[in-house]
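A.B. asks: Just passing along the structure, written as structure tokens.
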Amino acid sequence: ESLWGRFCNWITSTENRLYIGWFGVLMIPTLLTATSVFIIAFIAAPPVDIDGIREPVSGSLLYGNNIISGAIIPTSAAIGLHFYPIWEAASVDEWLYNGGPYELIVLHFLLGVACYMGREWELSFRLGMRPWIAVAYSAPVAAATAVFLIYPIGQGSFS
């Protein structure tokens with residue numbers, strides 16, 4: 001059997017301690033990215049110009065906040081609903097100033113959460129079960145999507 005065939009069998013095997021599945025192949029890196037960026041930004045992100053009026057708001061621990069007052073400051077209103085990956089900014093400093101980490105965290109988190117639901121469905125499919133766990137989990141997925149994506153669309157920005 002080829003290396004790819006062995007990899008496919010391992011990914012879709014229900015004999016592993018934790019089921020990975022094809023949704024897991026996408027879920028694991030997206031949730032690790034969201035978690036890593038959240039932790040780094042919570043500790044060390046510079047102040048963000050949330051209102052687009054050149055008055056940055058600090059949210060990280062290194063900029064004077066504590067565990068209670070710390071936050072990931074949302075993407076600047078000047079960015080609006082535009083997709084704002086790191087490569088769209090002129091520099092990493094500009095990306096941080098405009099609150100790029102917030103959008104990165106939210107979009108990776110939502111994709112990871114949706115993949116978790118897909119993974120639940122995929123495991124039930126492989127085991128020949130009905131997918132009721134994935135169906136039940138779709139409610140918190142819908143709630144997270146409403147809060148982190150649908151509401152900002154109505155507001156006109158992520159801030």
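The backbone N, Cα and C atoms fix where each Cβ goes, and this holds for glycine too.
Just so you know, TrEMBL annotations never went through curation; they're auto-generated.
Below, the features straight out of TrEMBL:
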type	residues	note
TRANSMEM	20-45	transmembrane segment
TRANSMEM	66-87	transmembrane segment
TRANSMEM	99-119	transmembrane segment
TRANSMEM	131-153	transmembrane segment
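What's the neighbourhood like for these features in this structure?
C.D. replies: Same-chain residues lying 6 or more positions outside the transmembrane segment (99-119) and placing a CB less than 8 Å from one of its CB atoms are 19-21, 23-24, 26-27, 30-31, 33-34, 37-38, 40-41, 45, 48-50, 72-76, 79, 83-86, 89, 134, 137-138, 140-141, 144-145, 148-149, 158-159.
With a cut-off of 8 Å between Cβ atoms, the residues of this chain six or more beyond the transmembrane segment (131-153) that come close are 81, 106, 109-110, 113-114, 116-118, 120-121, 124-125.
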